[in-house]
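Step one of this worksheet: look at the structure below.
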């Protein structure tokens, strides 16, 4: 699986021999690859007007392009804000709750993200084909897809250590601009242009996986909530800045502590583990039917409703497993 | 009929070819060829509707919808055969005599005494004794011993001490269907009670002294409070409209010391339509999130569930927190009243959250109080307007509570699903007819078997591993949060998409934890035994005896297999059906044997039926993974601008 940003085809349909050679070298003779473009065909075409574009079929003959539009940027942030508002609205009647939920579109975004990641995984696992994922910049929906696909495909990404490695690789080092994206969150009226909850969307998708495959992830919801918190505001330097270059310039590694170092301490670590975990060497294929995708109550109702009874249930599960 | 195809609803690629059989009691589809010889059994009593669809090139499609929400799509090659099957099923699914029902031929090979014992498992007299009755305030009355006062009530009713036979009879004449106020639940801690009845025949101004005395008697039976609540579970408009027909509701001016309350739950027709709409949403092919949420909201189903729950919460609060007795009624006092009283009892008393207690609860508030099982669930062919998912809604309320309070119930989701299944299956005699009187006339207990006995024998399958009787969640009253909690009501895909394997978490946490619990227990027992042996060994060594060390008898393997056998297959992630180019079926999914633990357990809990009981069906055929119709991808753009993306 490869990731990149969009090719700079531009309005004059520029070509780049090196780019074509690079993608050509990835595939063996006669092999086929898939390009998953996270923009709609129309949006990708329009991107040419501003210097971007897509890979023309004739120049990349072994690659087949698939468009799977995923929401990003301002509309995604709006979706998030609306959802949080809906969850906090005590006046909504049961009559109108579901349509209100629907109008936020958040769950549709979860479904789309999971479906696209599954498609990428299917290309690799079932069709044994290589996959190139990109959107426009390669820093948002691209990373969402590649990271999620790895959780689906690779059991080592489902371990606590492996998941941290995945985050480091596919989000932090890959240059997801955390500083811009995770600025003020849902309550702020600032509505920054660059803010968008892609990382939260990723965590939500992972939560959906943990619900559908309760034995297959070594970590639990608590880890996901902690990651969400730390992406927005943290005592640690892990999610600071927008890319490695900035982190170097700011001397992050020299002046801050790493979240992973803290999480992995034996005393802390056990809080994040899933008592039901059992290594599953196989690919986990989630159902993306609407019935299978649920609202992440642990996150969206975290401060609104007590999780006491569910916590007690988890404590009981822990007790049963440990007793054994 | 041979060469029939069984289609999978979710995955149009999965088609099974086999033979269709019709017996006196079941429809059976047996798959060809495969070593496992998969069978799909459906009881005729489960069939809700049969639809013959337009003949296509592949054959004549027949769609069977079941009351337990199973949907079977068959394709029969010859139109004439399809028609024959259709006509036969229509007749078989609409019995006219009770004797046609499965329970009269079902034979679990128990002798007469065992059958009798089975029926004695749930004893309502014992239950009222457990509540603390009879006592100073409540007594049993035999006024209805020959069903002379009310033919839909049981022979034994519990009434306040001060309610004489005269008062009871007088009150019954002033109540719809003669269903006078009688005791449903008594709280011995504070003497508050839940009574139930039907609506008074008050019209605009009629009064009845005995009925007023009856309510006073209920109030007096609770010295801790000087008033009672009267809860009408209908919407106010409906209740008011009933007045024009000479019925209606209690006027606070006429009845001393009552506080009247409407809690609007819609009627059986609204509920029937609501379920219908929700099932239509479930049948959508590849719905978007939007389609699903809108459809679910339009059906109103979860709104109704919440209304029932809220009513139960109101009553439970009145009893537990205010110590005030409540009289509940709707129109006839056998639908909404039953729902609301049983939800309230469940919230109040942890006994009803045990497996035995739950069976007792259903026996008390549904069976004995004359809920019209036959009319509501169509045992026999009858008026379609009487059909309504009343008990289904109650069962769902219980599930919603289980989701909120995972440690509070002794039983698990499977218990609820099996009970619902058997209410429609007519395999057992508990839910036949419309009243105790009818059941006795038919001699149900002598001619059929009890579901409770069957479930009790298999109770290991129905336990909730998180339940501990000493857990804080299991004790005392349950307090579900009332608001804001719309989001707490989830769509119960375990029930309404029960047979769609692809939808559910493939790994059953319940079964795993039960296995863990069992294993821990076995290990602890072994540890004890070993401890004793060690003690003996030490003793005899002290005594200078020789002891041969014995081989440990490891009869039980401690392998708790979870993940290795739980592979699964990807669903269709593209909306476009034309998917990847075909792979030959031999490139199989040998490693993808989806072992659905819950499904296996369904099998084991019905040993009387064939190994693949009617509850297990639609098992996915994973040996063939042929592509959908098209096969190859659409041809790529030829000479032109090849900028167009190719959609798969």
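Just so it is clear, glycine is given a Cβ too, placed from its N, Cα and C backbone atoms.
Annotation source TrEMBL lists active site, phosphocysteine intermediate at B:330. Secondary structure at residue B:330 (active site, phosphocysteine intermediate), taken from DSSP and collapsed to helix, strand or coil, is coil.
According to TrEMBL, the feature coiled coil maps to B:513-540.
Summarising the annotation, TrEMBL assigns compositional bias 'Polar residues' to B:557-587.
Positions annotated as compositional bias 'Basic and acidic residues' by TrEMBL: B:637-648.
Marked as domain 'Myotubularin phosphatase' by TrEMBL: B:118-496.
Predicted-model confidence for the domain 'Tyrosine specific protein phosphatases' (B:299-343) is 96, expressed as mean pLDDT. The domain 'Tyrosine specific protein phosphatases' annotation in TrEMBL covers B:299-343.
The region 'Disordered' annotation in TrEMBL covers B:541-648.
Just so you know, the Cβ of residue B:330 (active site, phosphocysteine intermediate) picks up 27 other Cβ atoms within 10 Å once every protein chain is counted. Sorting the domain 'Tyrosine specific protein phosphatases' (B:299-343) by DSSP state (H, G, I as helix; E, B as strand; all else coil) yields 31 helix, 4 strand, 10 coil. Cβ atoms under 8 Å from those of the domain 'Tyrosine specific protein phosphatases' (B:299-343) belong to residues 152, 175-177, 179, 181, 184-185, 187, 190-199, 215, 218-219, 221-222, 224-225, 227-234, 238, 242, 247, 258, 261, 263-268, 270-271, 274-278, 280-281, 352, 361-362, 365-366, 369-372, 376, 388, 390-391, 393-394, 396-398, 400-401, 477-478, 480, 482, 486, 489, 491 of the same chain, restricted to positions at least 6 beyond its ends.
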